[in-house]
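Taken from Swiss-Prot as is:
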BINDING   A:26-33, A:92-96, A:146-149  GTP binding site
COMPBIAS  A:438-452  compositional bias 'Basic and acidic residues'
COMPBIAS  A:474-484  compositional bias 'Basic and acidic residues'
DOMAIN    A:17-272  domain 'tr-type G'
MOD_RES   A:K528  N6-acetyllysine
REGION    A:429-496  region 'Disordered'
Amino acid sequence: MVLSGVDKMIRLQKNTANIRNICVLAHVDHGKTTLADCLISSNGIISSRLAGKLRYMDSREDEQVRGITMKSSAISLHYAEGHEEYLINLIDSPGHVDFSSEVSTAVRICDGCIIVVDAVEGVCPQTQAVLRQAWLENIRPVLVINKIDRLIVELKFTPQEAYSHLKNILEQINALTGTLFTSKVLEERAERETESQAKPHSEQGEQVYDWSAGLEDVDDSQLYFSPEQGNVVFTSAIDGWGFGIEHFARIYSQKIGIKKEVLLKTLWGDYYINMKAKKIMKVDQAKGKKPLFVQLILENIWSLYDAVLKKDKEKIDKIVTSLGLKIGAREARHSDPKVQINAICSQWLPISHAVLAMVCHKLPSPLDMTSERVEKLLCTGSQTFESLPPETQALKAAFMKCGSEDTAPVIIFVSKMFAVDVKALPQNKPRPLTQEEMAQRRERARQRHAEKLAAAQGQTSQGPTQDGGALETSPHEDEPRGDEPDVASVSRQPVSQEESSQEAFIAFARVFSGIARRGKKIFVLGPKYSPVDFLQRVPLGFSAPLEDLPPVPHMACCTLENLYLLMGRELEDLEEVPPGNVLGIGGLQDFVLKSATLCSLPSCPPFIPLNFEATPIVRVAVEPKHPSEMPQLVKGMKLLNQADPCVQVLIQETGEHVLVTAGEVHLQRCLDDLRERFAKIHISVSEPIIPFRETITKPPKVDMVNEEIGRQQKVAVIHQTKEEQSKIPEGIHVDSDGLITIPTPNKLATLSVRAIPLPEEVTRILEENSDLIRSMELLTSSLNEGRNTQAIHQKTQEKIWEFKGKLEKHLTGRKWRNTVDQIWSFGPRKCGPNILVSRSEDFQNSVWSGPAGRESKEASRFRDFGNSIVSGFQLATLSGPMCEEPLMGVCFVLEKWELNKCAEQGASDKQHQGQCDLAGEGQGGGKTCHVGDENQEQQDVCSEPFEETSQKGDSPVIDCYGPFSGQLIATMKEACRYALQVKPQRLMAAMYTCDIMATSDVLGRVYAVLSKREGRVLQEEMKEGTDMFIIKAVLPVAESFGFADEIRKRTSGLASPQLVFSHWEVIPSDPFWVPTTEEEYLHFGEKADSENQARKYMNAVRKRKGLYVEEKIVEHAEKQRTLSKNK
Amino acid sequence: SIFTPTNQIRLTNVAVVRMKRGGKRFEIACYKNKVVGWRSGVEKDLDEVLQTHSVFVNVSKGQVAKKEDLISAFGTDDQTEICKQILTKGEVQVSDKERHTQLEQMFRDIATIVADKCVNPETKRPYTVILIERAMKDIHYSVKPNKSTKQQALEVIKQLKEKMKIERAHMRLRFILPVNEGKKLKEKLKPLMKVVESEDYSQQLEIVCLIDPGCFREIDELIKKETKGRGSLEVLSLKDVEEGDEKFE
């Protein structure tokens, strides 16, 4: 039975001064939801017997199963104290780290919060986090110390011990608040200092430096929790009792005859009572006097528990009668002491009263919003309030006033969107049928029955000859009939069968000012909207209808359709919502993604973005089990993205659908949601694909045991070189310094290529300027075509020269002389971090000026084939020899390029080659396959390239190896590959930079996890005013899967990492390394069994791609399982 | 001996490598799943490959080859040396695990090629290899070990098209045709082009269009024949795919 009906709530909503918007915050398992249960039961929504067991706010199935809250949900409660009636909008929030984004959404729309702390566990990591969040949002906290019963029952504390324990907890929390306060003061001070530095002349008179840091000047007495101030309550939610000091102060002031005010001050603290003198004195430790709190309060509770647990019937009765309670016969006889305690205590010290009274007295109403908070909400980023346009500044008054007149601007903040089954919406709820409707239905059913009979008769009379036809038509006839009841039901409840599976999105919002009415037109302002934008675009004082407004980015206009009162699992329809209330708004899913500000005036700025404690870091790739279900998955992921404030969803270039969540539990919930609500398909989850790059380095100076190379006897050197030789087929000449000379298959041309590693700086410059290189490429290609291109933009030209200058600066030394001028192309995709340099004497071509020496016939001959060479280079850079990943930071030098005489004729078939070249270049997108003859491939006649005789060839160049240009491409590609292979090859891994915030006591564990995953710490510094350390580290992306989770587990949530992709880094170990020197044998053994990180990565990639992996199928021949056949 | 189950010894963990030389058949006894490894150079320890260093005439009967035969056939009686020769040149029984890994490798390779060539026509984004592999298993594709993986990949694409939305990534081409033949030629090209992105009739007819890579050759030949070498064709991109990451918003 709902005691306080919707009508009453609506009435209460109008009295803004008596509204309290509060949320319950705490560490996981400290009893938020149980406390909420107790408060709900006071309203009669759930039975008080079930309070604490039902977890009413945990409406999701997995919440109930796991026993943790996963979302924030609101409920409106009614509380009466004397003549005053209060409306309390209570928001329950999750405590688990993964869902701290939900906490943020809850905190934003509240004015106050209840911080719950477990009396046994004390202050936990999340307690700190939520305190910080409340602090950052400028909302006032009150403290509930919960689970006092555990001190009695589990820890068997004496009242005295319990008191000192509680005192300890309180001190811890106050210390935390203190740090938050100091860090804020210090920050403000730092800000002020930078400001004053900016204008040093303004305050010249003030010469004395102020060392006090301003801490002493700021009043902080209001900040701390203390029972005598009434902002602390001691409870046991599971047993349904709780009390504040005030409660007992009132009782004892009557009993003992000491003034209530005095008792209020002395009940908590080291005071004792001298009964004879009726005087309260300071505790003298030596006399062993008990403090008042122990003597008057705790001991009573202890004795009650003692009596009940020992089943001391008489004593219980005595207590019950002395307290003047009435215990039901059922509870009194119940064998479980818990039930008895619950029954007694919930009457003696009702928890809801204690907590709600504190909430109503100590927490502010929406009217009391501080101007500080308003300004903070309105100023995004570094903006100051004063810099906002005057129209916006004017809104501040509206905020403060929270007025409900029609003239007041409507301001609503949507903090999150949540999905609700359409069936659960109030307008779709089935309502009992009236008599008339029942009669109608009966009639309809009768008719249907009659028709069916008639149809059946007709069918039989048609005879067997038309049986097939009849069968075919009958379903058609049936269909409309079958529809009839559906149509009828639609009119009753507007959910058709199809819709019933849908999710409706409801905005979780709060009205800050004005009255939200159904049907009101309102602006939806996205998080990136700027009122300045609007004011610039729209003339002041516009009077046009809203539809005619010019489009403004991040702004939309919509009508408020459905307003709901949030009642936990239920929703109640509302017509209008007065200011200061929490509400649900339906029908916004097309306008609002995750959060938004709704306002009737466009001059309102969007609220500052929610302040998330946890950023999404756990990445997984998601795929449908059945490939045909891709569209459902995409749709589902979009819905999920909207429904969850913290999740990130993206499609990568590789085609992977990646889900980024805040943690493992959060991930699990997202996947469950995706499977059961949003996509409704089977999905599989995997580690995302990790990219690598391939490169070469200078030959190492020292070997793996740090001995200089070249001194020792190489034990296996012969074996090694033999192997290397065998890798390179015949016909290819390899110089000792890595120059590869290779002829085309028809022996008409010979290429000499060398690979050189580029300096790191150059690679970085190339990476940064890839856009510029691309535009350069476009330019030259249009020049080549001889088309009249528009004059090169002055700026671009400048940039190109600057870029060239930078390259020249870094490519110095004998080896690189003139290299920059000789750069022919960049690769892969013509804009990558690899360079092709042409040092061929009779052919010059450079990216800077376009082909030089156009006129000479000789050069034109080369030029025609130049494109093939470039294509070959592009292909080679796109997929390296190690694991077909792109190259990075390699310079290929084409040293010599000889064309035999008959190749000259090839030029006659210029037209044809042109195509092939281009086809080859285009292959930039393609990968491993031999490009050579795209044409053949196109025909789907897949034969080995270069072997099929081309049909169209009337030119002698097209011989049995295919067109000459194709051969050139392939030869160039091979040449590049071999040139790479003779150099020391290395793998490059993508690296994350990782910022970790950790307290000093878990620092060691953070380091352990980092080093286990090949991470490297760059720096570590302490955050001013706190005991938090900020650690900066780099970590290979390949090792990051599960990293965040591990670090959290190892540090019990005290350290939270943030990963951002930063750069590529060469893995120092050689993937092909085997021990060669004696020392290495000694150190690593013959097989080098110890882990070679680069090889591990390389093999993993090769395996994934289905390439050949040098791995033994069976390691030990003798250890195979012997399976006999035919037995 | 009497052929009863009790005194019948089965060679259960033996892979035989045979070679005919000088009219005689020689066999050696090897461990299973090791011979292919030896041939590819992964396994370097001969003792891990050979069960025994002796050369047989018939392994299952245990008949060792005679010295004279060895000398006449191989010119030496160094058993180990002969074993090595037989190992590299003889015919091998491919063992189950070896075959399995080979097939698996080909399967992966095919899937990689398919994933590389194809896109989801709705989003113009590639499918991942894992997804293609799963789809291939769904259509019960069996790998043929003696056909090239590329060829099989094209077959797979055809079969997959019936099950899911997959298409070969389109090629983007630009034709530059002389005006007088252009009109006529365009009509002929029309059925081959999937999407015409732009047409420009200034001095010459210039068309940018997307085609299925399968008809490239046809188009190429058509243009060459019709314009007698005056029209030209340019591949703008081989794969028309979306680039960069996309965030849902």
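Each residue's number is its place along the chain shown, starting with 1.
Note: Cβ is positioned from N, Cα and C throughout, glycine not excepted.
This view paints the features noted in Swiss-Prot onto the structure.
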residue	record	DSSP class
A:A26	GTP binding site	strand
A:K32	GTP binding site	helix
A:S93	GTP binding site	coil
A:I148	GTP binding site	helix
A:K528	N6-acetyllysine	coil
Check your understanding: Counting only residues 6+ apart in the same chain, whose Cβ is under 8 Å from the Cβ of the residue listed as 'N6-acetyllysine'?
Key -> A:P553, A:H554, A:P606
Revision key, fill the gap. Cβ density check for A:D29 (GTP binding site), other Cβ within 10 Å (all protein chains) comes to 18
Exercise for review: Let me know how many other Cβ atoms fall within 10 Å of the Cβ of A:I148 (GTP binding site).
Suggested key: 26
Study note, to complete from the structure: Top of the binding-site residues A:K32, A:H96 by count of other CB atoms within 10 A is A:K32
Practice item. With DSSP as the yardstick, break the compositional bias 'Basic and acidic residues' (A:438-452) down into helix, strand and coil residue counts. Key: 15 helix, 0 strand, 0 coil
Check your understanding: Between 0 and 100, where does the mean pLDDT of the domain 'tr-type G' (A:17-272) sit?
Key -> 82
Check your understanding: In sequence order, which same-chain residues at least six apart have a C-beta under 8 angstroms from A:S93 (GTP binding site)?
Key -> A:C23, A:V24, A:L25, A:K32, A:T69, A:S72, A:F99, A:E102, A:V103, A:A106, A:V107
Practice item. Using a 10 Å cut-off, grab the number of neighbouring Cβ atoms around the Cβ of A:A26 (GTP binding site), all chains included. Key: 27
